[in-house]
Amino acid sequence: MNPQKIAVLGPGSWGTALSQVLNDNGHEVRIWGNNPEQMAEINEKHTNTRYFKDVVLDEKIKAFDRLDLALEDVDAILFVVPTKVTRLVAKQVAEVLKHKVHILHASKGLEQGTHERISTILEEEIPAQLRGEIVVVSGPSHAEETIVRDITLISAASKDHDEAKYAQAIFSNDYFRLYTNTDVIGVETAGALKNIIAVGAGALHGLGFGDNAKAAIITRGLAEITRLGVAMGAEPLTYSGLSGVGDLIVTGTSIHSRNWRAGDALGRGEKLADIEKNMGMVIEGVSTTKAAFELAQQLGIDMPITETIYKVLYENLDAKTGILDIMRRETRAENEFINNK
């Protein structure tokens, strides 16, 4: 593939790591963010110390605080902004974009209020004549590992397989490998909903529970994710792949995961407001829990773990009490997880 001009919208940890991958592959990378000081740091010092203290970026990676300049003559746009601002940024893109491009996103969440997936938001806000089918880039990936070029395998999903193959081509190299998929709903919901389970897994650790309990929440959490995803139109098999169980394992077991760390702090008795302030980064699992709980209620899907985490986050339920409530639920067969509502 010829070198591409790619705008990466969002200078957070994952946006920065993906920018480096694309730069390593010979593409012209333009990072866009709305903090002029952060953009100046990337351009002048080739660092992004808010997220990576000891990483020096290639000087060819350029940063912009003007969206119109970042998008000038680009071949592709990669959204890596928090879910809560995706619609706003997409509207801004639609206002200044002058030509058709590939649209990809690597964000994980559901929009509060509408409960919509990221790709749906992008489809609604960016006119069809300016884009192809949206590509979702998602899977088991810690930015802290990708930025040091540790081996990472994830999925690229689009309703148009050629668009997924485009993402595969621009990203894949010796340490970063993409597999294509056409189940956009499955890949997106898996990436969003696993953050909820990661909060729960962290809470178990903070409460002092052992590996048995952590394995249980991951596997039963996967059952919940699959139930809701299938009700939304996803393929069940997707949840056994990289974007499903793979992402759930890496997010639900690692201190690199901000969602896991948030849950751990909750389990140790810290208040959510203090946790969010101390972390200084978006904890997608918190807002996604609310959206998923409301969506499950709307669709009539049984999600006891999600419901419990919702009550801990939004109704001040004691975390240990919530766990005991789950353990006291009526017993049932394990494999009722897809069709049982």
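Every residue, even glycine, has its Cβ placed from backbone N, Cα and C.
Not measured: the values here are computed from a predicted model.
For VAL282 (NADPH binding site), the same-chain residues that are 6 or more apart in sequence and have a Cβ closer than 8 Å to its Cβ are GLY12, PRO82, LYS84, ARG258. Residues or ranges marked as NADPH binding site by Swiss-Prot on the basis of sequence analysis: SER13, TRP14, LYS108, ALA143, ARG258, VAL282, GLU284.
The annotation sn-glycerol 3-phosphate binding site is assigned in Swiss-Prot to LYS108, GLY139, SER141, LYS194, ASP247, SER257, ARG258, ASN259. Remark: SER141 (sn-glycerol 3-phosphate binding site) has TRP14, THR152, ILE154, ASP247, VAL250 as non-local neighbours, by Cβ distance under 8 Å and separation of at least 6 in sequence.
Sequence-distant neighbours of LYS194 (sn-glycerol 3-phosphate binding site) (same chain, six or more apart, CB under 8 Å from its CB) are LYS108, GLY221, ILE225, GLY244, ASP247, LEU248, THR251, GLY252, listed in sequence order. Annotation source Swiss-Prot lists active site, proton acceptor at LYS194, citing sequence analysis.
Each of the binding-site residues ASP247, GLU284 was scored by other CB atoms within 10 A of its CB, and the lowest score goes to GLU284. The binding-site residues examined here are LYS108, ARG258; by Cβ neighbour count within 10 Å, the least packed of them is ARG258. Most Cβ neighbours within 10 Å among the binding-site residues TRP14, GLY139: this distinction goes to GLY139.
Summarising the environment of SER257 (sn-glycerol 3-phosphate binding site), the number of other Cβ atoms within 10 Å of its Cβ, over all protein chains shown, is 24.
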